[in-house]
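Novice: When I checked TrEMBL for this same protein, it listed these features:
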type	residues	note
ACT_SITE	47	active site
ACT_SITE	91	active site
DOMAIN	24-103	domain 'Peptidase S26'
DOMAIN	113-151	domain 'Peptidase S26'
């Protein structure tokens, strides 16, 4: 191998290393952002109808409010299921520690209600579709530690502000192509 070929190989290796280092830094940044700052959540299932579609919506969730104790009644949160830890759920917070929450025990069968006081370190969550949701009515108050984030918005609600005007007008006219 000649000296010229060795220099060319060294230059190529330096460029490749530089690009790999940039990719590694980008992946680290994305991982930290997804784990601690924001995440995009895929939502599906009937429990949050009509707020979210049955077939699936995408939404942006931030991951720091719950760590700062800034989650309150009315917020939509993502959390680990207390009964199936590998499953991620999307529910609405109905009460935080110390709140009294009145809920319909079995909405499909009766109008009987019960009132509970949410224990310290817990939240009470329910799906918007009370007739088809597994939530705190089934498994009780959820430990605060199972929270994974709070929904900021779902893209379908803000698309008119983000998409260029031409694309928005084409969508209103029914042009999908």
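Glycine is treated like the rest: Cβ placed from N, Cα and C.
The model shown is predicted, which means the values in this text are computed figures rather than measured ones.
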Novice: Give me the Cα-Cα distance between residue 47 (active site) and residue 91 (active site), rounded to a whole Å.
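Specialist: For residue 47 (active site) versus residue 91 (active site), the Cα atoms are 8 Å apart.
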Novice: Which residues of the chain, 6 or more past the ends of the domain 'Peptidase S26' (113-151), have a CB below 8 A from one of its CBs?
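Specialist: For the domain 'Peptidase S26' (113-151), the list is 39, 41, 46-51, 59-63, 65-66, 70-71, 75-83, 88-105, 107.
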Novice: Only counting partners 6 or more residues apart, tell me which same-chain residues put their Cβ under 8 Å from the Cβ of residue 91 (active site).
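Specialist: The answer is 47, 48, 76, 77, 79, 125, 126, 127, 133, 135, 136.
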Novice: Which of the three DSSP-derived classes (helix, strand, coil) applies to residue 47 (active site)?
Specialist: coil
Novice: Can you break down the domain 'Peptidase S26' (113-151) into helix, strand and coil residue counts using DSSP?
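Specialist: Across the domain 'Peptidase S26' (113-151), the residues distribute as 10 helix, 17 strand, 12 coil.
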Novice: Sort residue 91 (active site) into helix, strand or coil using the DSSP assignment.
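Specialist: In three-state terms, residue 91 (active site) counts as strand.
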Novice: What does DSSP give as the helix, strand and coil breakdown of the domain 'Peptidase S26' (24-103)?
Specialist: 16 helix, 30 strand, 34 coil
Novice: Over the domain 'Peptidase S26' (24-103), work out the mean pLDDT and round it to an integer.
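Specialist: For the domain 'Peptidase S26' (24-103), the model's average pLDDT rounds to 91.
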